[in-house]
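Per TrEMBL, these features apply:
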TRANSMEM  B:12-37  transmembrane segment
TRANSMEM  B:65-83  transmembrane segment
TRANSMEM  B:95-111  transmembrane segment
TRANSMEM  B:117-140  transmembrane segment
TRANSMEM  B:149-171  transmembrane segment
TRANSMEM  B:202-220  transmembrane segment
TRANSMEM  B:249-267  transmembrane segment
TRANSMEM  B:325-344  transmembrane segment
Amino acid sequence: MKLTTLMTSAAMVLGLATGAMAQDKTKVGFVFVGPVGDGGWTYEHNQGRLAVEEEFGDKVETVFVESVAEGPDSERVMTQMALDGADLIFTTSFGYMDPTINVAKKFPDVKFEHATGYKRADNVSTYSARFYEGRAIQGHIAGSMTESNIIGYIGSFPIPEVIRGINSAYIHAKKVNPDVQFKIVWAYTWFDPAKEADAAKVLIEQGADVVLQHTDSTAPQAAAQEAGNVITFGQASDMAQYGPKPRVSSIIDDWAPYYIERVKAVMDGTWESTDTWDGIGPGMVGIGEISDAVPANVKEEALALKDKIASGEYHPFTGPINKQDGSAWLAEGETADDGTLAGMNFYVEGIEGSIPE
Amino acid sequence: MIRLEKRPQPSRALSLSTPIMAVLATFVFGGLLFAVLGKDPVEALQTIFWQPLFGEYAFYYRPQLLIKGAPLVLIAIGLSLGFKAGIWNIGAEGQYIMGAIFGAAVGLAFYPAEGWYIFPLMVLAGAMGGWAWAMIPAFLKVRFGTNEILVSLMLVYVAEQFLASMSLGLLKNPEGYGFPGSRNLQQYAPAHNAELFAGSGMHWGVVAALIAVIFAYVLLAKHRLGFAIRVTGEAPRAARFSGVNPARLVLFCLGTSGLLAGLAGMFEVSGPSGQITIDFNVGYGFTAIIVAFLGRLHPIGILLAGGLMALTYIGGDIAQSNLGLPAAAIQVFQGMLLFFLLALDVLTHYRLRIGAAEAV
């Protein structure tokens, strides 16, 4: 435990030092899993970082390291940021969970914020976005606009986050179009333009005229554009360059308000460990401009749906909903609880195929 | 007109001095790159090479060098044996993954039992996993004459799919709320490859890497098998006349490199990483190929090369964070270092002749 004490004392010395220099600069670190130019997940986190700089100007200093592998590399990068005097560190990938907890133990005076995880500590908060709310709107538009009644879905990994999105999109597509059918391809990557393009092409060949993606590159958009009559939705980032068609709308991750709020809390000394799971209402999930390729009445319905979700009047998982095997999940009018949603590992009734293991 | 002329004997002096020349050339061109990006080149180089070793927080980074370097050295030692004999195992990444899966699976199977025997069994399983995965290309080559480069490389992708399947299915943490990834072995003491002395970075994988270096050195310098490896690489016909059995050599070289890669994976998953996850592998098996060549396929050279690679990774991350250098610039810098090392290597075997070519 020698190192721990050493580092704790180093951190304390640093804490004192920054305390003395004080108040002038709060140092905020960001650990990114991809390159900041990925146009998707990491890009949006970096936008959040830039918003923090903009908001606080000279009072804040931000540092980041991009393309950090999950595991021991991320642990080293976080430790390094803490040693170098960071007051608050955002770790922006699920795989950073255990490393974040490990490093947080060694630096009790540094605050950590881990995206999409479930492990917390006195100095570790978690935060994530309710992307499934945006998926409901995508499902509505997709179900309304498909002519072949086949909707393609590029999944990244079969984890609760992704399965939630598939279920939400399916439920709302089915509501407006009972004949709709989902074809799901697992790409086993978050970001791999070549694989994503292949997946999109396979789906289009199988007759899909709508392609939804839970991967971060714009490759599926390009594939859809090439194929012609196919519509898509931007993922994580707006991907507006592919509008008005194939990209007809998008789900945008907007981390800026949350990041600004948390940095402010550290500055004010009011930071506390919390678990945040925000959706369209607080603005963490944004719905990108619905383009003119969408019929006016569909657009209107979609926007109405968005407002109802934002105000909390409607929950995308409202019963009656059965699980894929036909067993009852939610009774009439019942809404899903966050625990079940967080660990969702089943398809809802009507989706074909099984979740790979 | 500049020509290359083959030296009758590789130059020993150059062989020793080219690495230093390469590092200097990298400093110059890397410094230029950083200057173009608007950073102070001296500060950038100092951050990458000096900070981890002698900077303010060297007490933390020095152990990290061992953690980052050990798997590279362990894998590269195994690869170098085959490379010397002209047997090309490109799939160490896959063998690394399989070693990790086998090792972790044995550990997790015992959870939550206590017992001194759990970790040794995991070591054994990890070694076997890597060995068995490498035996596939070895057997196919010996039996059917397939190309071991292609087969071993393709098996990397198979192993990756296997890894994803394990993280999502069989080895998934039952208390992980449905998220992919196994239990964390760091939190299961009998299976934890902990540091031998807290804060030293010395875990069993580092020990294994050092033993492998000594083992390879003795094997190549003293043992008949080492002679067979060297002579096969340099003069395959002569090797056959001197009674070397090529099939056995293939099995030995691929098997050993697979075994060591498997061990590296096992020590990583039970120690620094802790978990089987979809993204468990971060490219050690491929980087080790570079390390093997950077170290001139010599055990001591590999040890130094592994340390150098680890240093650029760790220093590179510090430079990103402290100086705001983009990750891509760091990668270009690392690429430059390798490029100059290998390019200048030409000079040990060839000499430059300036002047008109002789008429043919």
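Heads up, the Cβ atoms here are built off N, Cα and C, so glycines get one too.
TrEMBL labels come from automatic prediction, so no person has curated them.
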*Under an 8 Å Cβ to Cβ limit, what residues of the same chain, 6 or more beyond the ends of the transmembrane segment (B:65-83), are close to it?*
52-53, 89, 92, 96, 200-203, 205-206, 208-209, 212-213, 215-216, 219-220, 229, 233, 252-254, 256-261, 263-265, 267-268, 271-272, 284-285, 287-289, 291-293, 295, 297-299, 302-303, 305-307, 309-311, 313-314
*Which bits of the chain, at least 6 residues beyond where the transmembrane segment (B:117-140) starts or stops, bring a Cβ under 8 A of a Cβ in it?*
89, 91, 94-96, 98-107, 110, 146, 148, 151-152, 155, 159, 190-193, 204, 250-251, 254-255, 257-267, 270
*Of the listed stretches (B:12-37, B:149-171, B:202-220, B:249-267, B:325-344), which one yields the highest count of Cβ-Cβ distances below 8 Å with the transmembrane segment (B:95-111)?*
B:249-267
*Selected stretch (most C-beta pairs under 8 A with the transmembrane segment (B:202-220)) from B:12-37, B:149-171, B:249-267, B:325-344*: B:249-267
*Could you give the residue numbers and ranges of same-chain residues that sit at least 6 residues beyond the transmembrane segment (B:325-344) on either side and whose C-beta is under 8 angstroms from one of its C-beta atoms?*
18-19, 21-23, 25-26, 29-30, 33-34, 37, 39, 44, 48, 290, 293-294, 308-309, 312-313, 316-317, 319
*With a Cβ cut-off under 8 Å, give me the same-chain residues at least six positions beyond the ends of the transmembrane segment (B:12-37) that come close to it.*
44-45, 296, 325-326, 329, 332-333, 336-337, 340-341, 343-345, 347-348
*In the same chain, who gets a Cβ under 8 Å from the transmembrane segment (B:249-267) while lying at least 6 residues past its ends?*
70-71, 74-75, 77-79, 81-82, 85, 87, 89, 92-93, 95-104, 122-123, 125-135, 137-139, 141-142, 148, 152, 193, 203-205, 208-209, 212, 225, 228-229, 232, 281, 284-285, 288
